[in-house]
Every structure is written in C-alpha cells, then in structure tokens.
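Note sheet for the following structure.
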Amino acid sequence: MLTVDDILEHTGEFNFFQKQTFFLLALLSAAFTPIYVGIVFLGFIPDHRCRSPGVAELSQRCGWSLAEELNYTVPGPGPAGQAFPRQCRRYEVDWNQSTLGCVDPLAGLAANSSHLPLGPCRYGWVYDTPGSSIVTEFDLVCANSWLLDLFQSAVNVGFFIGSVGIGYIADRFGRKLCLLLTILINAVSGVLMAISPTYTWMLVFRLIQGLVSKAGWMIGYILITEFVGLSYRRTVGIFYQVAFTFGLLVLAGVAYALPHWRWLQFTVTLPNFCFLFYYWCVPESPRWLISQNKNAKAMSIIKHIAKKNGKSLPASLQSLRPDEEVGEKLKPSFLDLVRTPQIRKHTLILMYNWFTSAVLYQGLVMHMGLAGSNLYLDFFYSALVEFPAALLILLTIDRLGRRHPWAASNVVAGAACLASVFIPEDPHWLRITVLCLGRMGITMAYEMVCLVNAELYPTFIRNLGVLVCSSMCDIGGIITPFLVYRLTDIWHELPLVVFAVVGLIAGGLVLLLPETKGKTLPETIEEAETMRRPRKNKEKIIYLQVKKLDIPPN
C-alpha cells in the first residue's frame with residue numbers, strides 16, 4: 001500500500017506544479033485581508049461635529065479659520081470630560097440672525113456660552129476628512145455609533161456560520177467546487193456592497209461576504225497542504241499566512257490611494273473575479289478524491305502533477321487500483337470530531353486555542369492604541385510585526401517540533417501581557433516593546449494553530465475539523481471589543497490580566513496534544529487516535545493498493 005505522501009515522492013513534493021498552485025492560492029490569502037481588517041478603513045471615524053445651518057455662511061463672511069469656527073460655534077467637552085458635546089450636541093442658536101458679530105458671536109446671547117441650551121444634531125454632521133467612509137456616509141456616530149459595531153459583528157457572525165457550514169460542504173462535495181463557489185459569492189456580494197444605497201443593504205452583503213470569505217481562505221489553506229509532500233507541508237502553511245500579511249501591506253497602500261470607501265470596496269473586490277479562472281488552474285485534492293473512493297480521478301490528477309513537474313511515474317504506480325475488500329465511501333460527520341477520545345481532546349484544545357489567538361491578537365491591537373495621526377502608516381507598521389513571527393516559526397519548527405514552539409509562543413504572549421501591567425507609562429518605549437513582544441508571540445500562536453489543526457485530523461474530516469475549530473476565533477472576534485472596552489472602564493490594565501491568564505492556559509493545553517513533526521497526515525480515525533504511538537503500515541481503504549508483483553525489487 002502507498003499513501004499520497006509516498007506517491008508525491010515520485011511526482012514531486014514541491015516542484016513546478018506545487019509552486020504554481022501555491023502562488024495562486026497565496027493571492028487568495030492576500031485578498032482576504034480587506035474583509036478581515038477592512039473595517040479600519042471602511043469604518044474610519046474622522047473628527048466630526050454637528051452641522052448647524054448658517055455657521056458655514058457666517059464663517060465665510062467673517063473669514064474665520066477652522067480653529068476659530070470651532071472655538072466660536074462648537075460646544076467644548078463637558079464636566080470632567082464626560083459625554084462628548086463637541087461631536088453629539090450643538091448650540092440651540094439661530095446662526096442666520098444678522099445680530100451675530102464676528103468676534104465672539106455668542107457673547108450677546110449669554111454671559112457664558114456654557115449657559116446656552118444644547119440640542120441634538122438634527123441636521124447631520126460635518127466630517128473633517130477629504131475622503132469618505134461608511135461612518136461619514138451613513139452618519140454612524142453618536143446615538144448611531146453602535147451600527148458600526150453591528151457592521152463588524154455581522155462579518156464575524158458570517159465567519160462563524162460559514163466556517164461550519166461550508167466546511168461540511170467542502171468535505172462532502174470537494175475542495176475545488178466549494179472554493180470556486182465561495183469566490184463567486186464573495187465577488188458578487190462585494191460589488192453589491194460597494195453600490196448599496198442604504199446601510200441595511202450594505203450590512204446584508206457584508207454578512208454574505210463573511211459567510212463565504214473565511215471559509216474560502218481556509219479551503220485554500222487545506223488545498224495547498226494536501227498538494228505538497230510531507231517535508232514541505234509546514235513551510236507552505238506558514239507562507240500561506242505570510243501572504244495574508246503581505247495583503248495587509250497592500251491594503252494600506254490601496255486605502256491611501258483610494259480614500260473613498262465605495263471605490264476602495266470595489267477595487268479590493270475585483271481580484272475575486274480573476275480567481276474564478278482557478279477552475280482551469282487548480283485541480284481537486286487527490287487526498288480528498290481517494291478518501292471518497294474516487295481513485296480513477298485521483299490517479300488522473302496525480303499523473304497531471306507528475307507531468308507538470310517533469311516527472312515520470314514508475315511502472316508500479318501505473319497499476320494502482322482501489323482496495324477491493326472495502327469500497328465504502330467515507331462521509332464526514334460533525335460527530336466524528338467528538339466521537340473518539342483522542343480526537344475529542346484534540347477538538348476541544350484546538351477550539352480553545354483558536355479562541356485565545358483571536359482574543360489576544362485583536363485585543364492587543366485594540367489595547368495598545370498605536371500612537372500617531374497617520375492611520376495608513378500606523379496600519380503598515382503594525383503589519384510588519386508579523387514577519388518576524390513567521391521567521392521564528394521557520395527557524396524552530398523543524399528543530400523543536402510543533403508543540404514546544406506553539407506552547408512557548410502562547411506563554412510569551414501571556415507573560416508579556418502580565419509584565420506590561422507592572423510597567424509604568426514612562427518610559428513609554430519599554431511598555432510598547434513588551435506589548436509588541438506579546439503581539440509577536442500571539443501571531444506565532446495564530447500561525448501554529450492553523451498548521452497543527454490540519455495535521456491532527458484524518459483526510460475525510462480534515463476540512464470540517466479545521467473550519468469548525470477555527471470558528472471559535474470568530475466567537476473571540478465578536479466578544480473582544482466588549483472585553484477590552486468594558487474591562488478598561490473598571491481598570492485600564494484589567495484586559496491585559498485577562499489576556500495573560502487566557503494565554504498561559506492555552507500554552508499549557510498545547511502540551512497535551514501529540515507532536516506532528518515528521519508524521520504523515522492521518523487518513524483514518526484509527527490513525528488519528530494513535531498519533532502518539534509509532535505508525536504502522538496498515539491497509540486502509542483510502543490508500544491505493546499496489547500488486548506485490550508490480551513492485552520493483554530493492
């Protein structure tokens with residue numbers, strides 16, 4: 001019997017075909033960034049104030065500067081900084097009356113401007129920005145600010161539902177079909193969102209994008225890890241995520257060039273239409289085909305891979321035939337993720353680690369609050385932090401295995417959060433350095449959980465297992481804003497204490513998982529259950545059988 005990994009040793013483990021396929025799927029990974037973090041630019045909140053009829057005309061007549069206009073016509077902050085009248089309240093004054101002067105125009109109406117009545121922003125807002133965002137177009141500020149939270153929550157809800165549902169479809173009907181379907185829906189809904197006339201329609205199409213986009217990203221990850229040989233599996237998995245980081249850098253540049261949200265949304269959606277050509281470029285996974293007892297199709301793709309790689313299959317491999325003793329096709333089931341003790345343990349630990357990675361990754365970004373007024377540069381610099389994390393993984397994963405670097409990265413992230421609690425604000429650079437160390441640690445953990453998750457499940461439920469477990473990071477993404485902002489109201493450093501506890505627990509749980517370094521991907525439930533023990537060559541229905549007489553002598 002030969003496994004797919006054995007066959008790839010003959011067809012090429014990472015030759016021209018795999019490199020071409022990796023490049024194509026890496027583009028898909030980079031294109032996912034506008035959906036995952038696009039809210040930074042699509043939902044940008046500029047300085048704003050209530051629109052008051054007559055103020056613009058009075059300012060023009062008097063020749064005021066912007067600072068003078070704000071000083072004369074906009075309320076200042078309330079007592080002890082409570083509330084925000086500058087953004088959400090306006091003077092109940094008729095600015096069109098001719099008695100108003102150009103120097104302190106409110107002096108004749110009240111001895112002190114603080115005694116003037118204030119009212120809500122009945123006429124909308126004025127935004128100090130040359131561009132536009134969904135906030136400025138739909139006035140998602142003040143009493144409506146929660147609608148921006150709902151917009152981001154909707155995409156995370158979509159991630160959660162889509163990861164589970166589409167994960168099942170991908171294992172049931174194939175990786176390629178599901179990938180193309182998610183690309184098409186993502187492209188169409190992205191364009192429709194860009195031309196949405198109302199907030200409600202925009203929210204609906206963003207939810208649809210969430211339903212398919214993350215699932216498509218994960219299917220691309222599964223595909224590339226199933227196409228390459230054992231020795232290259234971890235490398236392409238890491239660089240697939242590095243492609244996401246490159247997408248962050250590109251997004252910053254595109255957003256800078258296109259400050260209007262509709263044009264930005266339309267531009268970042270266009271590549272998805274190009275990805276539909278993958279129908280002719282990316283074949284179905286041979287591993288999935290074999291797991292579904294479609295060995296003829298699998299053999300055809302294997303020959304195609306060998307041809308693209310300039311390899312010739314040995315005569316023994318030309319006579320491959322399916323095991324005739326058992327021909328039942330394996331069908332994925334959610335119960336397979338918890339039915340047996342070891343896989344159940346793997347599932348629970350992986351779900352917790354996905355949750356932890358999302359909470360710490362997004363939480364540290366929110367809590368750190370990058371200094372500076374240039375949104376685009378801040379975003380660009382924060383993305384650069386992720387490259388050293390990938391480098392450290394590449395340097396350690398083959399030498400130390402998966403478990404120990406993964407556990408250490410969680411521990412470092414948790415310890416950095418805890419240490420930063422006791423570091424004073426001055427010197428500021430020291431505190432930022434420690435928090436960046438935590439960001440690097442949790443970035444490593446995020447990349448490691450993707451890699452190991454795919455290695456712990458048998459082929460016929462691998463896609464389902466990855467997508468179900470990774471759905472917990474969507475739950476983390478939904479609650480993290482509330483976790484950060486509500487706990488900060490109690491004590492500014494309290495979120496960091498929570499992050500530390502969560503991260504340290506995650507590091508300990510990782511040590512309960514089996515080491516996957518140097519092991520072939522499990523093909524059956526039994527193999528996944530016995531990963532801690534040395535693997536024996538057993539005949540499995542998802543292997544390809546070779547007649548002993550056809551095997552050339554050693």
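Glycine is treated like the rest: Cβ placed from N, Cα and C.
Here's what Swiss-Prot has on this protein:
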CARBOHYD  Asn71  N-linked glycosylation site
MOTIF     283-287  motif 'Proline-rich sequence'
TOPO_DOM  1-21  topological domain 'Cytoplasmic'
TOPO_DOM  43-149  topological domain 'Extracellular'
TOPO_DOM  198-209  topological domain 'Extracellular'
TOPO_DOM  231-237  topological domain 'Cytoplasmic'
TOPO_DOM  259-262  topological domain 'Extracellular'
TOPO_DOM  284-347  topological domain 'Cytoplasmic'
TOPO_DOM  369-376  topological domain 'Extracellular'
TOPO_DOM  398-403  topological domain 'Cytoplasmic'
TOPO_DOM  425-431  topological domain 'Extracellular'
TOPO_DOM  453-463  topological domain 'Cytoplasmic'
TOPO_DOM  485-493  topological domain 'Extracellular'
TOPO_DOM  515-554  topological domain 'Cytoplasmic'
TRANSMEM  22-42  transmembrane segment
TRANSMEM  150-170  transmembrane segment
TRANSMEM  177-197  transmembrane segment
TRANSMEM  210-230  transmembrane segment
TRANSMEM  238-258  transmembrane segment
TRANSMEM  263-283  transmembrane segment
TRANSMEM  348-368  transmembrane segment
TRANSMEM  377-397  transmembrane segment
TRANSMEM  404-424  transmembrane segment
TRANSMEM  432-452  transmembrane segment
TRANSMEM  464-484  transmembrane segment
TRANSMEM  494-514  transmembrane segment
Result, the transmembrane segment (22-42) in contact with the transmembrane segment (238-258) (3+ CB pairs under 8 Å): yes
Result, the transmembrane segment (177-197) in contact with the transmembrane segment (464-484) (3+ CB pairs under 8 Å): no
Stretch with greatest number of CB pairs under 8 Å, the transmembrane segment (22-42) reference, 150-170, 210-230, 348-368, 377-397 candidates: 210-230
Positions on the same chain near the topological domain 'Cytoplasmic' (398-403), where near means CB under 8 A and six or more residues out: 234, 448, 451-452, 455, 510-511, 513, 515-517
Mean of pLDDT values spanning the topological domain 'Cytoplasmic' (284-347): 75
DSSP-derived helix, strand and coil totals, residue by residue, for the topological domain 'Cytoplasmic' (231-237): 7 helix, 0 strand, 0 coil
Of 150-170, 177-197, 348-368, 377-397, 404-424, whichever stretch has the most CB pairs under 8 A to the transmembrane segment (494-514): 404-424
Around the Cβ of Asn71 (N-linked glycosylation site), the count of other Cβ atoms that are within 10 Å: 13
Spatial neighbours of the topological domain 'Extracellular' (198-209) far in sequence, C-beta under 8 Å, 6+ residues away: 35, 134, 138, 140, 147, 150-151, 154-155, 157-158, 185-186, 189-190, 192
